[in-house]
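Reading through the structure tokens given below for one structure.
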Amino acid sequence: MDRSLRNVLVVSLGFLLLFTAYGGLQNLQGRTAVSTRPLDEEAESRAGALIRVPRFALCGWRRGLQPRTPAREACGWWPRGPGGDTGPLTRVVLFPQSSLYSEAGLGVAALSTLYCGMLLSSMFLPPVLIQKLGCKWTIVTSMCCYVAFSLGNFYASWYTLVPTSILLGLGAAPLWSAQGTYLTIMGNAHAEKAGKAGKDVVNQYFGIFFLIFQSSGVWGNLISSLVFGQTPTHGAVPEEQLLSCGASDCLMATASSNSSSRPSQELIYTLLGIYTGSGVLAVLLTALLLEPVKGARRTREGKERAPRVWSALLSTFKLFRDKRLRLLVLLPLYSGFEQAFLAGDYTRSYTTCALGIQYVGYVMICFAAVNALCSLLYGKLAAHTGRTALFALGAITHLSCIIALLLWRPHPSQLAVFFVFSGLWGVADAVWQTQNNALYGVLFEDNKEAAFANYRLWEALGFVVAFGYSTFLCVSVKLYILLGVLSLAMVAYGVVECLESRKLAWPLAVRQTKPEEEGEAQTKM
């Protein structure tokens, strides 16, 4: 086996093991159950403390009741029927059904600190760590941050989970920046030896990586589905509930009839042990089998020229001087938006609302499997079609899905449609994951570390913004936001491709005019 390909496989398998564990933890933490029963004041207070959303987002009303008014909503009571009798307001409340966290607000705090740490890390850490440690040991060190997060979940409290979430956030950006830099260096080195175009080999390597990496979603969600599907209570979803599913959901979607019982504490510790062991195995595999690469630092006249630490810290921001990067930031931003929509809104407002929480894992398995297969396919197709055609495929696919999701009214009788949408979402997401990374590696080859740090910065910002507005915007509004950001991102990408085509055409025109000028000079002589 070729040395470069072997290293790509080692990195890919390491990420597969690491994110099978991390994805499984996220699934155990992120499940959400919804209740439509009348709440007493204590239960309502507990729900509000957990979710931290405005009162109007917690309150709903049954079809056929008199319309609510601000006064009735404020007091929580209104007449039930023609007789004028009053009763407690029927609430629609989101309860985080966490299998790991028992303290109120802990899951939200952990997620918030994780993304804050990732944003700060993306701004400063990747170029410095890659410069000092190299790509290999940056990956190994960052993986240890993920293992620490797994260990923190054995005793989930404010004193263990918040610090390990910050640590994970700080390690996430260097991990992905080093991965992108490593694959780009390996691809260019192999292309030089084999006499191939560098961008084609880099595309192929990213395709192989995401084929293996995205399959972690299959295994993680399979474990999650088996856990949450142990003792489900299956019941018919009422028609009045289905009216609030899909694009019309404004945090009123319910799923009380399809909930799952909490796994036993012994099973939780067993799963945490498996996840932690998987993470440790990823660290050992990468540390022992992955070869370090030369070329992470730029060279001049055959000698390594390591920039100063302060210069490396600011390199992420200095790269913004490049017009192409300023135009391309919308691509990773949209990537964060669309991934957050699928994992949060589609699973809750479409799948959980109409089918039940036990189907979420299987829908995400479909997404991950299609994503993995398409990643490998795109890595090979890019050499024949070019990246522009693949970007167009991704944009058209997501555009069609967004419009269809705005019009579709999910119903349990349409089971196959739920999987069709998740599969199509995976078809497009594979474009963003493979081609965005390859594009950054090819366009900013001399500043790979800073380029990939910028990529992770804007992708993390997309997650943070989507996470921020997810608690108070209707699903239809979120879909329109996706539509707008996607359109702007494609226009900006088109401008970058035009700039690149002109840059490539200019040297060719110069080479063609030089022989003509020389011929004219010889004729005159």
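Cβ coordinates come from backbone N, Cα and C, glycine included.
Predicted, not measured: the structure shown is a model, and the values here were computed from it.
Residues annotated as transmembrane segment in TrEMBL: 104-125 (among others).
Residues or ranges marked as transmembrane segment in TrEMBL: 137-158 (among others). Only residues 6 or more beyond the boundaries of the transmembrane segment (137-158), in the same chain, are considered here, and those with a CB under 8 A from a CB of the stretch are 11, 14, 18, 21-22, 25, 100-103, 106, 109, 126, 129-130, 164-165, 167-168, 170-172, 174-175, 177-179, 182, 269, 272, 275-276, 279-280, 282-283, 286-287, 290, 292.
Here TrEMBL flags 164-185 (among others) as transmembrane segment.
The transmembrane segment annotation in TrEMBL covers 205-228 (among others).
Taken from TrEMBL, the feature transmembrane segment covers 267-290 (among others). For the transmembrane segment (267-290), same-chain residues at least 6 beyond its ends with a Cβ under 8 Å from one of its own Cβ atoms are 7, 10-11, 13-18, 20-22, 24-25, 28, 99-100, 136, 139-140, 143-144, 146-147, 150-151, 153-154, 223, 227.
TrEMBL lists 356-378 (among others) with the feature transmembrane segment.
As annotated by TrEMBL, transmembrane segment applies to 390-408 (among others). Outside the transmembrane segment (390-408), and at least 6 residues removed from its termini, the chain residues within Cβ reach (under 8 Å) are 246-247, 338, 346, 350, 378, 381-382, 417, 421, 424-425, 427-432, 435, 476, 479-480, 482-483, 486, 490, 493.
Summarising the annotation, TrEMBL assigns transmembrane segment to 414-432 (among others). Away from its own ends, the transmembrane segment (414-432) comes close to residues 210, 214, 331, 334-335, 338-339, 342, 346, 350-351, 354-355, 359, 362-364, 366-372, 374-375, 377-378, 390-391, 393-395, 397-398, 400-401, 404-405, 408 of its chain (Cβ-Cβ under 8 Å, at least six residues beyond either end).
Per TrEMBL, transmembrane segment is recorded for 453-473 (among others). Same-chain neighbours of the transmembrane segment (453-473): 51-54, 57, 111-112, 115-116, 118-119, 122-123, 125-127, 172-173, 176-177, 180, 251, 315-316, 319-320, 325, 329, 332-337, 339-341, 344-345, 436-437, 440, 481, counting only residues six or more beyond its ends whose CB sits under 8 Å from a CB of the stretch.
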